[in-house]
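K.L.:
So Swiss-Prot says this about it:
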| type | residues | note |
| --- | --- | --- |
| BINDING | Gly10, Ala11, Gly12, Lys13, Gly14, Thr15, Arg127, Thr136, Tyr137, Gln199 | ATP binding site |
| REGION | 30-59 | region 'NMP' |
| BINDING | Thr31, Arg36, Ala57, Leu58, Val59, Gly85, Phe86, Pro87, Arg88, Gln92, Arg160, Arg171 | AMP binding site |
| REGION | 126-163 | region 'LID' |
| BINDING | Cys130, Cys133, Cys150, Cys153 | Zn(2+) binding site |
Amino acid sequence: MNLILMGLPGAGKGTQAEQIVAKYNIPHISTGDMFRAAMKAETELGLQAKSFIDKGALVPDEVTIGIVRERLSQEDCIKGFLLDGFPRTVAQASALEEIMKDLGKKIDYVLNINVDSGLLLTRLTGRRICKECGATYHLEFNPPAKADVCDKCGGELYQRSDDNEETVANRLDVNIKQTKPLLDFYEELGYLQSINGEQDINKVFADIDVLIGGLA
């Protein structure tokens, strides 16, 4: 099974990715992991990526796509993979189609975890972190026993500056605008599957499981 996982920040992508790879024993491939592995192995493309990252520049598409091609050609991807964080643009998605064709494979599903942006705002702005031990809480979903105090060490809880409402709302807006052309592209190809991410975590996975179970 060859899957792509999509979803806005706060949609619960990471949790679902963990459950998918655990059950189906396929590699979870994120852009960051691919870059790190290629740089560590000092492949030609890995060294090229490193030169851009070290300068704080964006890695060009041709380098990123080359690294993706190398990764998807590896033995552990024979039975399938879960791509996370790639592609980000229609140009990258088109390049991925070419890679899959060259490998004699195809993408089975693009799983988009759908959550209303208002709920995402609540999820993302409610996070609080302990200044002392780094424990994470959520005002609505996982509140501390005593307001603003860590249950574990008694430290003070704070909100990260990039978790404030205005910053989060802007981040979501940018993500929605960037993601829409990609979703349209995959809908046209017939790959796109929308998953209701507003349900309980286990119910979200149950819906994914029903969908992809036949591919195993």
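Backbone N, Cα and C define each Cβ position, glycine as well.
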K.L.:
Under 8 Å between C-beta atoms and at least six residues away from its ends: which parts of the chain pack against the region 'NMP' (30-59)?
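P.N.:
Sequence-distant neighbours of the region 'NMP' (30-59): 66-68, 70-71, 84-86.
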K.L.:
I'd like the number of other C-beta atoms within 10 A of the C-beta of Arg127 (ATP binding site), please.
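P.N.:
By my count, 18.
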K.L.:
If you average the pLDDT over the region 'LID' (126-163), what number do you get?
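P.N.:
That region's mean pLDDT is 94.
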K.L.:
If I take the alpha carbons of Ala57 (AMP binding site) and Cys133 (Zn(2+) binding site), what is the distance between them in whole Å?
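P.N.:
Ala57 (AMP binding site) to Cys133 (Zn(2+) binding site), Cα-Cα distance: 33 Å.
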K.L.:
Rounded to a whole angstrom, what is the C-alpha distance between Gly12 (ATP binding site) and Cys153 (Zn(2+) binding site)?
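P.N.:
With the alpha carbons as reference points, the distance is 27 Å.
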K.L.:
Using a 10 Å radius around each Cβ and counting other Cβ atoms from all shown chains, which of the binding-site residues Arg88, Arg160 yields the largest count?
P.N.:
Arg88
K.L.:
Which has the fewest other Cβ atoms within 10 Å: Gly10, Gly12, Gly14, the binding-site residues listed?
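P.N.:
Ranked by other Cβ atoms within 10 Å, the binding-site residues Gly10, Gly12, Gly14 bottom out at Gly14.
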K.L.:
Could you list the residues of the same chain, at least six apart in sequence, whose Cβ is under 8 A from the Cβ of Cys153 (Zn(2+) binding site)?
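P.N.:
Listed in sequence order: Cys130, Glu132, Cys133, Ala135.
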K.L.:
For a quick check of packing: other C-beta atoms within 10 Å of the C-beta of Tyr137 (ATP binding site), how many?
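P.N.:
Result for Tyr137 (ATP binding site): 20 other Cβ atoms within 10 Å.
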K.L.:
According to DSSP, which of helix, strand or coil covers Gly14 (ATP binding site)?
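P.N.:
DSSP call for Gly14 (ATP binding site): helix.
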